[in-house]
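According to TrEMBL, the compositional bias 'Basic and acidic residues' annotation covers 222-256. According to TrEMBL, the domain 'N-end aminoacyl transferase N-terminal' annotation covers 97-167. Residues or ranges marked as domain 'N-end rule aminoacyl transferase C-terminal' in TrEMBL: 345-465. What TrEMBL lists as region 'Disordered' is 20-39, 222-285, 308-328.
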Amino acid sequence: MAVRVGEGTEIAKAALGQDGAGGVSVRGARGEPGPRAPERLRARLGDSRAARSIVGWRRRLRGRVRSRRVWRAATMASWAALSPSIVEYFEGEDSYRCGYCKNESGSRSNGMWAHSMTVQDYQDLIDRGWRRSGKYVYKPVMNQTCCPQYTIRCRPLQFQPSKSHKKVLKKMLKFLAKGEISKGNCEDEPMEPTMEDTVAGDFGLINKLDIQCDLKTLSDDVKESFESEEKKKGRSPKKEESKELIQSQHIEEKLGSGEPSHPIKVHTAPKPGKGADLSKPPCRKAKEIRKERKRLKLMHQNPAGELAGFQAQGEPPSLFQPKANKSNQPKSLEDLIFESLPENASHKLEFTRFLCSSPLEAENPPHGPDCGYGSFHQQYWLDGRIIAVGVIDILPYCVSSVYLYYDPDYSFLSLGVYSALREIGFTRQLHQKTSQLSYYYMGFYIHSCPKMKYKGQYRPSDLLCPETYVWVPIEQCLSSLENSKYCRFNQDPEAVDEGRSKEPDRLQVFHRKAIMPYGIYKKQQKDPSEEAAVLQYAGLVGQVCSERMLLLRN
């Protein structure tokens, strides 16, 4: 398998003055001085003392120049050994059409071109809100852009697939085993689950008393209960109830077909275009509501809280106690993905993974994953035909999903969801060899865009604070995002960006094939706008990256 060398490697070679064989070139700007120059002088001047003096002077001068060039090349080589990342920053902010809300000039971002980049530098950049598209690396201007894009990461080690995730995996297994194709809508992402799926296991949301009704058809005893309560209030619930039941049945059909769902509240019409409201408590069945009321009544009768199954003081009791029977334990993600197929299975799904061209320099350290670090294509082959390709970056602390493209003829398999679950499982696999690699980055979470909110279903997950660059559990962010598109998630008002640029003069500049600190470079510049651009770059990439990466300046 041939691996194409990126443009960044060629630029780095030019910066180091290296020839194709790996040796250090000492050619000057005018070419080789030529080994015959002293002989020509000697022939012209004879063997006089003047001729010998001139020839000796030239040799000494050429030796000094060669030594200086070798020293410079060695210096550049030492810098490149520490960091071959070479970036070209585009000063100012770009305004362009938003692909989410279709605002013609509402999307704003800063960007730079990565001629080459180490995996560690890119890891540090995405932990500051950057993201790459090919070799273009960009960072949204969060407080100005029309649709703020928050970096989101999933914690695969604690991940449990939701009901809708299991449905996708079982749908794939049925198709492979028996060739069955699920009926209904065949749309892929977004695949919004019910609210029960999105907040399952979150005690902070489950333990609220403003309980919502389930989307399924209400049972007779619940309807009678509601009717009796309405009669006590002197109102007739028949008309309103019939509308709600029709509405809930319609929504249930959509959920079963894989279409996006919308937040539904009793006695309230759904708001169009909002998507699933992850900040609301899960829908509850009438039986569970009765159990909850009984539990609260018992707690009221026994304030000491000495009921069986209660947890430690100050911790909310679990409403769903796990059973001891192992057969009732939920299947893990690996159990669902790698479930064995019959020998006479209708289809065969295979996977291949290989390095692909990108600005990230491939690395294979001894304690890293077996496949190494870098950019990879994950190919999905069905019966010998490629149906999807996922692009991922394997970085020191995470697997970062770049994008997926697939054959639309197989959209009924929900390949977007399926590939994400496979990549989460792959992250778990890499973690077994490389313990610090324990996160799955899903790109950007856009709360104001219903089609992008599906990423919040992969729990547990965190959002990156756009001001202090610390990770905050998504459950703590949703209520703020409901009130404002742009939010600072860090609740500590005194907290600041610990990785901010504090010493801009230490920033490394690559100028005319020379590497120098910005403190020296700025003394040679007279353009006042130059300093503003460099300082803006330093503030966006942070102190650590500004000292490691080489900022290319013409």
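Here the Cβ of each residue, glycine as well, is placed from N, Cα and C on the backbone.
Whatever TrEMBL says is automated annotation, not expert-curated.
Residues of the domain 'N-end aminoacyl transferase N-terminal' (97-167) grouped by DSSP class, helix first, strand second and coil last, total 16 helix, 24 strand, 31 coil. Residue counts for the domain 'N-end rule aminoacyl transferase C-terminal' (345-465) under DSSP, split into helix (H, G, I), strand (E, B) and coil, are 33 helix, 49 strand, 39 coil. The domain 'N-end rule aminoacyl transferase C-terminal' (345-465) scores a mean pLDDT of 96 in the predicted structure.
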